[in-house]
Amino acid sequence: YTAFAIAGSKLVQRIRSKAFACLLRQEVAYFDRSENNSGTICTRLSSDASTLQNMATTRLGFICEALAISFFGILFGCFINWQLTLIAFCPIIILFLIIVVDVCLRKWLNQQIDPIIGRVSTLAVEVIHNMRTIKQLSIEKEVLRQYRESVHEVYMPYWQPLILSSVAYSILWAADAYTMALLYRRALVLFEKNELTADRMIMVFGFALFSSRALRPIGMMSRQIAASFSAAEAFFNLFDRKPAIDNTSTEGQELVDFRGEIKFDRVKFFYPTRPASIILNKFQLNIKPSQRVALVGMFELDVLF
């Protein structure tokens, strides 16, 4: 567990540093998208990294230990009597299927809810940074209403899948009693036919119960497993993304004789978020070296070259 804790902490530290470096490489248009607002990015750097840290440390060690114990129990049970082992480990197969379905379902829910959480975080940050304006305009109730509606949107998609997950786990827990009854029935038949001794029967029961109980907590960690998968996928998408304008790249043509002359020839520009509003339309400007030019806008904003 100590090795997993140390390795997980160092891994998360490297992920946070690399994620922030990848964000600095992205072009400006990347941050104009609604899914890449300030709240979403802050959540990605803080909450997603913490989720990976919680899963990649001692919990990962516990999962590996539980899988190793169950695998050893199956091998030892098959060596003693394969029929009883097959009956005893049927609930484990059902448990794995339920965990896989539950993790996939929760992962899909996280993908649907992450943008909403980003909007909630952005709203909270903007309100805190502009608290004086909020107080002067007396719009505390309106801000609270928007926050409550956003939080309600976060929890609404959860209740139906959670009901199905609860029903599946309740069936799994109830299946233990039927499995033990079937196991005792088959063991009695084998014992009457002198195909199984009493000591071997007790050993199979002991290893079956111990191995099946070792996997139970993994099902309880399905929420953390799904959250870690979603966080890892988000980080991998960020790491693999190639920016349209890479400011760290040294490839391309290098100017040997650069004199500082700037020339705009019929330039047309508009923001990606406001394509109908044209900022520059056939803009022409030629600035010679060592020449000072001031551009004054309609709001008396000066831009000096």
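Just so you know, glycine gets a Cβ as well, placed from its N, Cα and C.
Residues or ranges marked as domain 'ABC transmembrane type-1' by TrEMBL: 4-227.
TrEMBL lists 60-80 (among others) with the feature transmembrane segment.
Summarising the annotation, TrEMBL assigns transmembrane segment to 86-105 (among others).
The feature transmembrane segment is assigned by TrEMBL to 162-184 (among others). Counting only same-chain residues 6+ beyond the ends of the transmembrane segment (162-184), those with a CB under 8 A from a CB of the stretch are 84, 87-88, 90-91, 94-95, 98, 101-102, 105, 205, 208, 212, 219, 222.
Non-local neighbours of the transmembrane segment (60-80) in the same chain are 1, 3-5, 8, 88-89, 92, 200, 203-204, 207-208, 210-212, 214-215, 217-218, 221; each lies 6+ residues outside the stretch with a CB under 8 Å from one of its CB atoms.
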